[in-house]
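A.B. asks: Dumping what TrEMBL says about this protein:
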- 49-276: domain 'Peptidase S8/S53' (DOMAIN)
- Asp58: active site, charge relay system (ACT_SITE)
- His91: active site, charge relay system (ACT_SITE)
- Ser247: active site, charge relay system (ACT_SITE)
Amino acid sequence: ENDAVHYYVKDATFSLQEFIQTNPPSWGLDRIDQRQGTDGRYSFATDQGQGVTIYLMDSGIRQDHTDIAGRVKIGKTVVGDVNDPSDANGHGTFVAGVCCGTKYGVAKKAEIVSVKTLDSEGNGHLSDVLVGLEWIVQQHKATPNAKSIVNLSLGALYSQATNDAIQEAISLGIHFVIAAGNYGEDACKYSPGSTPGAITVGAIDEDDSVSYYSNFGKCVDIFAPGTNIKSIWSTSSSATHTLTGTSMAAPHVAGTMAIFLSQANYTPPELQSYIKRVS
């Protein structure tokens with residue numbers, strides 16, 4: 001008998017808790033799960049963003065698309081005097097697929113809330129964006145322990161009011177992911193991509209080079225796949241489409257953040273730092 005031994009247990013085998021999606025439909029998925037290159041598969045944690053809500057401020061979302069059905073809620077429609085939450089443009093549905101689609105997306109169990117701020121032409125007003133942001137803030141205040149991410153795949157010239165509103169929301173614990181913009185210029189000239197504390201995302205091509213159209217500079221925190229990305233579309237419940245832009249890059253990061261948040265609690269500064277460190 002050995003006094004140093006408290007009890008005996010049968011040996012066991014431990015393994016990584018992950019799923020693997022072989023031959024993912026978009027090269028973006030294949031690219032984001034390793035530091036270099038692609039390997040013909042997308043490996044992701046079993047949590048898959050469960051318990052995390054991603055608010056999409058965009059052109060609306062087609063709720064019944066098979067890739068996201070059952071995980072989409074209509075939150076707020078703020079497009080002038082229009083009260084139609086549907087997506088006549090396609091952009092919002094596409095972004096939803098990239099961040100959260102079962103087949104095309106990063107965080108396959110995250111919940112999606114549509115905050116429609118762009119019209120059928122993909123245009124919107126600052127006032128509508130601010131109203132949408134305030135609605136999200138109120139939702140978060142009602143459930144302050146919720147894990148909330150806002151994806152903004154939109155932009156305009158620099159606006160202090162927009163940046164201030166987002167910074168206030170970040171101070172409450174809401175995480176923000178923002179497209180850097182497609183002007184091939186300094187992202188600090190545009191909003192909301194110039195907002196301190198948000199994660200601003202530029203775009204790369206399949207060879208890891210910065211896309212010619214992507215904004216750049218010190219306001220860009222990270223680059224993600226943005227060129228020739230395949231995702232879902234709003235013309236039918238099974239439609240797909242291929243698009244290019246920093247709007248496509250941002251939801252790759254939003255989905256990745258959702259996976260991390262489903263595994264642990266992070267403040268916005270903590271998660272921003274962690275994302276940049278492990279990229």
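Note: Cβ is positioned from N, Cα and C throughout, glycine not excepted.
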A.B. asks: What is the Cβ neighbour count of Ser247 (active site, charge relay system) at a 10 Å cut-off, with all protein chains included?
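C.D. replies: Step by step: centre on the Cβ of Ser247 (active site, charge relay system), count other Cβ atoms within 10 Å, giving 28.
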A.B. asks: Out of Asp58, His91, which of the active-site residues is least crowded by other Cβ atoms within 10 Å?
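C.D. replies: The active-site residues Asp58, His91 were compared, and His91 has the fewest Cβ atoms within 10 Å.
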A.B. asks: Which whole-number value in Å describes the distance between the Cα atoms of Ser247 (active site, charge relay system) and His91 (active site, charge relay system)?
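C.D. replies: Ser247 (active site, charge relay system) and His91 (active site, charge relay system) have their Cα atoms 9 Å apart.
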A.B. asks: Fill in the CA-CA distance, His91 (active site, charge relay system) to Asp58 (active site, charge relay system), as an integer in Å.
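C.D. replies: Cα to Cα, His91 (active site, charge relay system) and Asp58 (active site, charge relay system) are separated by 7 Å.
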A.B. asks: Averaged over the domain 'Peptidase S8/S53' (49-276), what pLDDT does the prediction give?
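C.D. replies: Averaged over the domain 'Peptidase S8/S53' (49-276), per-residue pLDDT gives 97.
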A.B. asks: Please report the three-state DSSP label of Asp58 (active site, charge relay system).
C.D. replies: strand
A.B. asks: When DSSP states are folded down to helix, strand and coil, where does His91 (active site, charge relay system) land?
C.D. replies: helix
